Amino acid sequence: MKILNVDQIRALDQSTILHEPIAPINLMERAALAFVDWFIDHFPVTTPTKVFCGLGNNGGDGLSIARLLLERDYPVEVQVVRYAPRESDDFMHNHRRLKLVTENIKYIEFSRDIPALRHNEVVIDAILGTGLSRPTEGIVKETIAAINRAPASVVSVDIASGLYTDQPNGPNDVIIEPDYTVTFQLPKLAFMLPKNGRYVGNWQIVDIRLHKRYIDLAPTAYYFTQPSEAKLLLHKRDRYANKGTFGHALLYAGSFGKIGAAVLSARACLRSGVGLLTVQVPRCGYLVLQTAVPEAMCLADDHQTLLTGATEISSPAPTDFTTIGIGPGIGKAPETLAMLKKLLPTLKKPIVVDADALNLLSENRELLDQLPPNSILTPHPKEFERLTQKWDNDYQKLDILREFAKKYTIVVVLKGAYSAIATPDGDIHFNSTGNPGLSTGGTGDVLTGILTALVAQGYDSVEAAVLGVFAHGLAGDRVAEQRGPIGMVASDVIDALRWD
Ligand SMILES: NC(=O)C1=CN([C@@H]2O[C@H](COP(=O)(O)OP(=O)(O)OC[C@H]3O[C@@H](n4cnc5c(N)ncnc54)[C@H](OP(=O)(O)O)[C@@H]3O)[C@@H](O)[C@H]2O)[C@H](O)CC1
Ligand SMILES: [K+]
């Protein structure tokens with residue numbers, strides 16, 4: 001699913017009006033109906049509801065929503081925030097239609113006009129939408145602040161009033177903090193950014209049948225992965241395939257006290273369809289691996305407690321493997337750094353790099369140029385900051401992410417909510433699965449195993465990252481459904497992985 005910028009959203013509106021064709025007021029009515037269908041599924045007809053309307057089309061939506069709810073016997077009061085002397089044409093049209101249904105339309109011009117809001121009420125926020133062009137001020141700001149202070153539930157129409165669609169807000173901007181945002185047709189970039197969480201709430205898309213051709217042709221760098229899109233990436237298995245068909249992966253993982261990371265990444269790799277797996281661990285981990293993951297072959301490093309890359313038996317060369325995953329639990333010992341320095345220049349095929357292998361790269365940035373093209377790095381925000389720089393806001397973070405992936409011709413999975421996958425050609429795919437339960441030790445090791453398995457099976461790196469991150473988050477969602485997010489452990493995620 002594409003994420004369009006505010007100018008494209010406006011052009012999409014116009015394109016729909018022109019090509020369907022449909023009168024603007026009827027498109028507004030369609031949007032209002034889609035919102036109301038959602039609303040009546042979530043709030044009973046007895047719910048006291050206050051609709052706060054601005055003077056533009058977001059406000060026009062609000063007037064239409066108020067009328068439709070009144071026609072469905074909801075107890076609705078309309079509060080028009082009169083922050084400017086003029087209203088949009090569609091606002092006026094809906095204002096006239098609403099007056100046919102109710103006289104109970106109040107106007108907020110001064111602080112004293114702002115109504116009290118009780119805990120059992122629901123506020124529908126239709127003050128400002130994607131037309132926001134400056135920080136809220138005056139009576140708009142006061143009304144928003146009063147709504148935020150009130151105990152009532154809040155549902156924002158299209159986007160929280162005061163939140164920019166695709167640019168950073170200022171630190172002191174006053175923005176609605178909704179419980180829900182019901183947005184039209186496509187997600188907004190603002191919804192994808194961690195710092196905006198409190199200004200988005202639980203967001204839902206309602207389809208208002210905007211011009212599909214415009215969407216299909218609209219250029220964008222931002223995408224939001226849908227289940228159907230992830231499913232399309234899945235390679236079908238040929239009945240005559242054999243284990244050699246699905247690659248032989250090599251994982252470098254573990255150090256004394258962190259052999260569990262090797263176990264988790266190995267098990268996840270096997271649960272993600274790799275044909276054969278070899279895991280190189282420090283000698284102290286050899287018995288653990290062979291016991292905990294009998295399906296994996298194991299190379300014991302010469303060193304008792306950490307990885308040096310040397311093994312006493314004549315093992316296959318790293319380049320003999322289909323792909324390599326490196327990082328889970330490996331630590332940052334000088335000997336392990338030496339191993340990484342020796343390994344990287346010999347590799348040509350994409351590898352998966354995580355955890356302390358990333359931190360070693362951060363401390364030795366000249367190694368970044370030696371990463372094989374299309375390798376996949378999986379930093380969490382702190383690791384990414386060490387790899388690159390500090391950022392002032394989430395939008396700047398996305399620019400840094402995009403430039404970094406392009407500069408080194410790599411795929412970067414910036415983990416978090418929502419995980420952002422940057423590709424070598426400058427796109428960013430936001431993942432749509434996952435939950436806070438995944439913030440538990442070892443889930444990163446699981447993801448490394450998954451991605452290594454997918455690359456070993458022949459998925460190109462972007463496909464592997466988009467599909468692997470999606471499947472990882474979806475497995476976490478299954479676990480959260482069964483047992484709640486608290487108490488989820490990384491092993492549960494492995495057991496909940498599905499590839500059908
Ligand atoms: N395709 C769709 O998604 C559809 C969306 N619809 C709805 O339309 C709004 C966007 O409506 P628009 O009229 O463009 O803008 P807003 O309603 O968000 O804002 C109205 C005007 O308010 C002024 N403005 C901007 N910032 C502020 C501010 N901080 N304080 C006060 N006023 C502000 C600005 O006008 P100016 O001339 O003052 O700059 C805005 O134009 C979208 O969000 C949807 O709800 C359609 O209804 C259906 C299709
Ligand atoms: K709004």
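Backbone N, Cα and C define each Cβ position, glycine as well.
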*Among S15, S161, S228, find me the residue TrEMBL lists at the same K(+) site as N58, D125.*
S161
*For the AMP site that TrEMBL lists with K415, G416, A417, Y418, S419, give the additional residue from the candidates G444, G449, G458, G468.*
G444
*So which other residues, same chain and not among N58, D125, S161, have a Cβ within 8 Å of the centroid of the Cβ atoms at the K(+) site?*
F52, G54, G59, G62, A126, I127, L128, G129, S156, V157, D158, I159, A160, G162, I176
*Over the domain 'YjeF N-terminal' (9-216), what is the model's average pLDDT?*
96
*Number of other Cβ atoms within 10 Å of the Cβ of A417 (AMP binding site) across all protein chains*: 16
*For the binding-site residues T130, S133, S161, which one has the sparsest Cβ surroundings, going by other Cβ atoms within 10 Å?*
S133
_I'd like the number of other C-beta atoms within 10 A of the C-beta of H380 ((6S)-NADPHX binding site), please._
17
*Based on DSSP, name the secondary structure state of D125 (K(+) binding site): helix, strand or coil.*
strand
